[in-house]
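Peer 1: Before I ask anything, here is the structure I am working with.
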């Protein structure tokens, strides 16, 4: 921007100087003219000091503007380094002398080369013969106690003994007499309690078969048991729908082998029960 202003100023000054010079020279040439036959005269005049200074300034090359140099920051003074630690190796600690333990003095052992063997022990005295013991006197036999008289059996016991010992018509008459003494309700109650005991024995022997493969069902068995608890026969009255479960129910009855005896009052030789056996897979 500065150079552009200087160029405009200098051009204006140069134009003014040339116009001034032309204006000064024109009257002189006109006044000295003498027509066609006259001689042309030229008068020279030295320029003024101000004009010479202006021409000199115009002929000087323009000054180049130098960019301003950035101010350099003052050098930072590094803080003084801390003092180095004392690296002198510490003096070796003189080990304390370990106290010397006094060894216990060993007692002097006797010289066995000159020791005399001990004298042999004196022979033991021969044992004295002991007298033979006298045989003990045999105890006198005690008098035998007289057996107590047997108690009189009750009516039910007599009927049972007659049914067990008698045969043929005598046993049948005794059983009929025992059955006649029980009413039907009492006989059914005794049979129900006996059947519950038989079923509990079968349930303890029951095992779920692996071949059933998780099947569930209930098989109803017909089981015949004697008065003494012996098994007379077993069969499937109603199938569970699975053959493996039916066979497992029959096997549980046969594994029990023997059942509780019939309660007193049931005089028949054998009784038949309808026994349900449930399996859950």
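Cβ from N, Cα, C; glycine included.
Automatic, uncurated: that is what TrEMBL annotation is.
Take a look at what TrEMBL says about it:
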- 55-195: region 'Disordered' (REGION)
- 57-71: compositional bias 'Basic and acidic residues' (COMPBIAS)
- 72-88: compositional bias 'Pro residues' (COMPBIAS)
- 116-128: compositional bias 'Pro residues' (COMPBIAS)
- 129-141: compositional bias 'Basic and acidic residues' (COMPBIAS)
- 153-163: compositional bias 'Low complexity' (COMPBIAS)
- 171-181: compositional bias 'Low complexity' (COMPBIAS)
- 193-281: domain 'TonB C-terminal' (DOMAIN)
Peer 1: Could you count the residues of the domain 'TonB C-terminal' (193-281) that DSSP puts in helix, in strand and in coil?
Peer 2: 30 helix, 30 strand, 29 coil
Peer 1: What mean pLDDT does the predicted model reach across the domain 'TonB C-terminal' (193-281)?
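Peer 2: Residues in the domain 'TonB C-terminal' (193-281) carry a mean pLDDT of 92 in this prediction.
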